[in-house]
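Down below is the structure, laid out as structure tokens.
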Amino acid sequence: MSLVDLGKRLLEAARKGQDDEVRTLMANGAPFTTDWLGTSPLHLAAQYGHYSTAEVLLRAGVSRDARTKVDRTPLHMAAADGHAHIVELLVRNGADVNAKDMLKMTALHWATEHHHRDVVELLIKYGADVHAFSKFDKSAFDIALEKNNAEILVILQEAMQNQVNANPERANPVTMATPFIFTSGEVVNLASLVSSASTKTTSGDPHASSTVHFSNSTTSVLATLAALAEASAPLSNSHRATANSEEIIEGNSVDSSIQQVVGSGGQRVITIVTDGIPLGNIQTAIPAGGIGQPFIVTVQDGQQVLTVPAGQVAEETVIEEEAEEAEKLPLTKKPRIEEMTNSVEESKEGTERELLQQRLQEANRRAQEYRHQLLKKEQEAEQYRLRLEAMARQQPNGVDFAMVEEVAEVDAVVVTEREMEERETEVTGAVGTAEPHTGVSMETVST
């Protein structure tokens, strides 16, 4: 049996999970080949969940990070199909937990995409980067949000709070004062998560300033806040207690709202200050140890402002109305899009101008040709006119051209009257009388 056949049989045995057949084929020298998609035996064993087969192949030295033609590793296969035991086996054998395929998606992305909660927990346990972004600028949190998977959302949110952001360039730090609660109605408690970006707030004494890191990496944070605010039950005004780590801002009765705009790195952070309601009687809503969850505050104009207690890790985000959707585009892409649009318009104008010039040149060329043809016709007409005039001048000379032509046609002998008389005299003088020749036609021409 050839090596090619041995390699094909090894792929099929790995797909079916036939451990003994895999051992026999490798003992007979079967190469670690791949199919036309670049799928290795370990890929197939991981995809179909054959733990023992994968273990045999790893012990035999198969590459644990082998890549298909779309750069998928066996860990991608196992995570996408929900084989947690295979995932753990691969990670314990040194597989790259943050390997990215052609779409720049990690195993955590694929596990979240297919709702495999146990695989997500396992990957996070072994250090998967929850801040990794795919080719479509989406993190695992964004995918879980699109799939409406609340359990995975909670897991990822906790992991993001505990894990240092691996993409610090996506966060623009903004220095603000100690967090406040801005309210003009009811305070809604968020039961779990807020955003996919890792943010930190630090506080010392009550009057010290805190630093809040904002991130524009997640485009669906606003939708998360709105959905969670609707899902959470509003707290009654009678269930309020004093929040020692928060400061309440009460707006002036005359100036009901003040808007402060803080810009940093091209971003805009809007703080809305409205008529405040002191939180003096909250008893059951806030735990004795302090506020354990973030708060979202709804103001009258439909905006929502998230605020957190001092020392808690969360993100402060302003949700504006749908008119601000245009600002969701990455700020670095807007000038590029405008430049591309301008260049396209300029190229269109240049093309149209060149086309018009070509048409004008073609019209001029045809007009020149028509002008030459007209001049030539005029010259020919002039020549015909001159010929006719010459012929008309030759007619009055007294020469009968038609008669001459007729004489030429019958081959007649043309003699004058004088010649006839002389001829008759000669004949009569010699013979006396003579008859004219009968075979010759004679014509008298008088001048």
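Residue 1 is the first one shown; counting continues down the chain.
Backbone N, Cα and C define each Cβ position, glycine as well.
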From 238-267, 358-387, 418-447, the residue range that Swiss-Prot assigns the feature region 'Disordered':
418-447
So what's the average pLDDT for the repeat 'ANK 5' (136-166)?
88
In the repeat 'ANK 5' (136-166), how many residues does DSSP assign to helix, to strand and to coil?
20 helix, 0 strand, 11 coil
